[in-house]
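Enquirer: In case it helps, TrEMBL gives these features for our protein:
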type	residues	note
DOMAIN	1-52	domain 'Sleeping Beauty transposase HTH'
DOMAIN	69-140	domain 'Transposase Tc1-like'
DOMAIN	149-300	domain 'Tc1-like transposase DDE'
Amino acid sequence: MPRRKVLSEDLRSRIVDLHEAGKGYKSISKSLDVHVSTVRQTVYKWKKFSTVATLPRRGHPVKMTARAQRRMLNEVKKNPRVSAKGLQKSLAHASIFVDTSTIRKTLNKNGVHGRTPRRKPLLSKKNIAARLKFAKEHLDVPQHYWQNIQWTDETKIELFGKNTQHYVWRKKGSAHQHQDLIPTVKHGGGSIMVWGCFAASGPGRIVVIDGKMNSRVYQDILQENVRPSVRQLKLRRGWVMQQDNDPKHTSNSTKEWLQQNKIRLLEWPSQSPNLNPIEMLWHDLKRAIHTRHPKNIATLKQFCEEKWSKITPDRCAGLICNYRKRLVEVIAAKGGSTSY
């Protein structure tokens, strides 16, 4: 809150004189254009200290003046990644010497807090424009259109990867005891790559990919799983398949295969995993798998297939039902990153 303007001693003396003449607080306030509470406080101080002069203030004079605060907030706005020590050095150049703790407290009072930045795909101007165009063009598409889309994607699931946040209750000094540790191994202890699909009616097939994935392997996966999943999910005639712009998906051979098999694609903006609701299912799947603590790749594959089959149709329907909200957020962000 900005500091209030200090009344002059002359004005305070006039307040006291009017009070001694028998005028009430409201009458004084109206005649001198001063707030009633200010009049009351001035009279109170005069009665208590017998003076209208400014009394010595308690404590050390404030170093972080309003001007210094504005300077610091502007610097944080220009460079959100600047450290407290960096701000301290910048203020020192302006002959403002304060501790880093004072800087943090001042920023907090102004509603600025240190937070871990979210990790989001790097968006170029072209990506942002394409995302905004996609959102605007599909904002008013009827709900039954989204319900007739087969959403697809691939993801990597690590055996001992950091897929979820873990907590442990422990005493001070026991951080390195065996029961309070989360064991890690190089490269996550191994991993599997999976392809999956789903629609509003439920989860489709999931495939564990053996070996390196290329365009040929991707086309084989589509050949064996897309149409069976369409029948399983009971998609209507005119169904559309969604895929991202991974090079394996957009290669000439894959484009030719899709045309030969008469598979219609949803035109998709690059760098837009937050527009694909299957990402939420991947999150659910990884969390469910790691609550069972798989010990090797074989059990990792087994748990992956088991947990995928247990994803409920209601969960899938909910993701599609709320899809318009994703488009609204993209438009609100002018094509930039969103909370999804």
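Backbone N, Cα and C atoms are what each Cβ position is placed from, and that goes for glycine too.
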Enquirer: Mind looking up the mean pLDDT for the domain 'Sleeping Beauty transposase HTH' (1-52) in the predicted model?
Expert: 86
Enquirer: I'd like the per-state residue tally for the domain 'Transposase Tc1-like' (69-140) from DSSP, helix first, then strand, then coil.
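Expert: In the domain 'Transposase Tc1-like' (69-140), the DSSP-based counts are 44 helix, 0 strand, 28 coil.
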Enquirer: Can you tell me how the residues of the domain 'Sleeping Beauty transposase HTH' (1-52) break down into helix, strand and coil by DSSP?
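Expert: Per-class counts: 34 helix, 0 strand, 18 coil.
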